[in-house]
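Student: Straight out of TrEMBL:
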ACT_SITE  ASP27  active site, nucleophile
ACT_SITE  ASP29  active site, proton donor
BINDING   ASP27, ASP314  Mg(2+) binding site
BINDING   ASP29  GMP binding site
Amino acid sequence: MSNLLNPDAIFSNNEMSLSDIEIYGFDYDYTLVFYSKHLHTLIFNAARDLLINEHRYPAEIRKYEYDPSFAIRGLHYDVHRAVLMKIDAFHYIQLGTVYRGLSVVPDEEVIEMYEGSHVPLEQMSDFYGKSSHGNTMKQFMDIFSLPEMTLLSCVNEHFLRNNIDYEPVHLYKDVKDSIRDVHTKGIMYRAIEADIEKYICYAEQTRAVLAKLADHGKKMFLVTNSPSSFVDKGMRYIVGKDWRDLFDVVIVQAEKPNFFNDKRRPFRKVNEKGILLWDKIHKLQKGQIYKQGNLYEFLKLTGWRGSKVLYFGDHIYSDLADLTLKHGWRTGAIIPELRSELKIMNTEQYVQTMAWLQTLTGLLEQMQVHRDPESQLVLQGWKKERKEVREMTKSFFNAQFGSLFRTDQNPTYFLRRLSRFADIYMASLSCLLSYDVHHTFYPRRTPLQHELPAWADGPSPLGAPVLQAAQAE
């Protein structure tokens, strides 16, 4: 307990010095601006009503309400089997986290379904987490996907409870289309603009971060998929009416990740009334707003290339993957869940539970050499207790799916992608205020499995007396 984790720290996957960063780029949603709990309820309700009114789903599904405690980000959904699950970095399903509708699928059924607990590569989601080209899994990486997962599970639950025969692929597509329409038809944008104080969490620290970077002569740009008027009203609310003065380039409705790959779409200027102009863009001017375009044209017009650029976003795939793999930009992931998980990990109950879990694991490995019936009975008791403690540890974070970052013993698939595509990650941009603009982030050397002593060779997690007492018993 003397070595608590800092929820406001910035964590590093790669060594990176801010002294080398001359240009800072930002996504908008869940990067510069954060939303209240009311937004996911709005998205869920609007998409549910679209299912009923436009896709002719049973009106009875209106009884289901959004449960913010049900799902976590990073889960995989098997489109053909209609099950939601958590998968680790090695494509293994965490048993006990597979849900059909709102009910957990027994471990035995999961193992029979997948002929074990491993998901073959050809069934996993594609590069951007989508189910396409034969992939049967969809990975939900976006914070906006939380109501989508919950709605999928609720409709599945209704069909199962009422013995309604349905095609899971059609259900997945209809829910996906309904969630998309909440955005593209402007339902969400109009609701937020109409009651901005209800949906946007005001944070003066966003302006403080931008002002700090501006004071140190850093160039800044914004690339977002959201529309112009929506971004303008939100930024006026959290930063001020002069927010455009802080940015050298502003791009809206960029359609990421296509923005990073499609070389064909030119930029269009948006005037003060939101009207698209038709003149050719020869320069991206400060104070102006541009729509669409592509990164290749952006690089040509700005010359902002390579490791002097640091871009922040919340979506591991759409915001960060292409930038680090294809263009050599440095990347920062905004993971709001990080702060709450670190606070849980700092509690005495969590620390003690994890220490006991490690002790049980050590005892099982050391004492398994005793094959007599009496010893085996004790070992079986420890295995049962270890399973119960693991379940307790999972419930500290989320009763159904546990931590965003870990399964029982491995990193999650979400963390694997985060580690691959983000140089640094943090709970919010406000974490930057604690660091100098010349700070260097050094990743910690984490021991590999072969660099650790075996349980039998190393000390007990709780000390020799505890282990000796357990052995004697």
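Glycine is no exception: its Cβ is also placed from the backbone N, Cα and C atoms.
Each of these features: where is it, how hidden is it, and who are its neighbours?
Tutor: Its own atom aside, the Cβ of ASP27 (active site, nucleophile) has 24 Cβ atoms within 10 angstroms in the protein chains shown.
Other C-beta atoms found within 10 angstroms of the C-beta of ASP29 (active site, proton donor) number 21, with every protein chain shown included.
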Student: Compute the C-alpha separation of ASP27 (active site, nucleophile) from ASP314 (Mg(2+) binding site), stating it in Å without decimals.
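Tutor: With distance taken Cα to Cα, ASP314 (Mg(2+) binding site) is 8 Å from ASP27 (active site, nucleophile).
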Student: In sequence order, which same-chain residues at least six apart have a C-beta under 8 angstroms from ASP314 (Mg(2+) binding site)?
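Tutor: Listed in sequence order: ASP27, ASP29, TYR30, THR31, ASP142, ILE143, ALA333, ILE334, ILE335, PRO336.
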